[in-house]
Amino acid sequence: MKISILTLFPEMFSIFNHSIIGRAQENKIIELEVLNIRDNTLDKHKKVDDYPYGGGAGMVMAPQPIVDTIRKAKENNKGKVVFLGPRGKTFNQKMAMDLSKEENLIFLCGHYEGIDQRVYKHIDMEVSLGDFILTGGEMAAIPVIDSILRLIPGVLGKEESFMDESFSEDLLEYPQYTRPYEFEGECVPEILLSGHHENIRKWRRLQSLNLTENRRPDLYKNVILTKEDKKLLGRKNK
């Protein structure tokens, strides 16, 4: 997969040069391209924003630099243009999985008070992280892109690594433990030391179900309980 990122602050995406995503780039599993919107402005002072028509606080990103940067990206990337903005659908794991199946993607990061409305006809999809305000689209783009890239086969080293993680099936992940066995008076659950893989699997499943029901009832209501789940929870099969 190739991802092109259109931004006013390219240096913010240097985080992808490290750790798992950095290794995936080195191994040619994925390709990231960062384009500076400011490089494509026709303004001699490299200005990319202006005052809003009709008045109001703040500045609005002008259409010309953005649209020309989109066109520049599309010379080598025919993927969907995804804009990080408050009008979009709330991003979730299912959306990450769907987007990970795309061959290429282009991410547009807004800034200031937003983008000129005339840019929207060049956008295929708008996503939001939630009902809160960030200082720029870059802050939202980083977790969205990371959640997509880690689903690409080979990025995590083994494809099954993400299958048991939180949200993969609307369940929070079970508790994890490592050495030492005892820490500040709290010990690792004995079942995890038993070596009985089937019992461990059932214990982990029960922990995930209980955690999700208690912490994220909004997710739990979407969970379809199996007969085994109901038995683990001590509920009657219905």
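Each Cβ is built from the backbone N, Cα and C atoms, and glycine gets one as well.
According to Swiss-Prot, the features are:
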BINDING   Gly110, Leu129, Gly130, Asp131, Phe132, Ile133, Leu134  S-adenosyl-L-methionine binding site
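Here the features listed in Swiss-Prot are placed on the structure.
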| residue | record | Cβ contacts under 8 Å, 6 or more apart |
| --- | --- | --- |
| Gly110 | S-adenosyl-L-methionine binding site | Met61, Phe83, Leu84, Gly85, Gly136, Gly137 |
| Leu129 | S-adenosyl-L-methionine binding site | Leu84, Thr90, Phe91, Ala140, Pro143, Val144 |
| Gly130 | S-adenosyl-L-methionine binding site | Thr90 |
| Asp131 | S-adenosyl-L-methionine binding site | none |
| Phe132 | S-adenosyl-L-methionine binding site | none |
| Ile133 | S-adenosyl-L-methionine binding site | Pro86 |
| Leu134 | S-adenosyl-L-methionine binding site | Ala140 |
Among residues Gly110, Leu129, Gly130, Asp131, Phe132, Ile133, Leu134 annotated as binding S-adenosyl-L-methionine, what is the maximum Cα-Cα distance? Answer in Å.
16
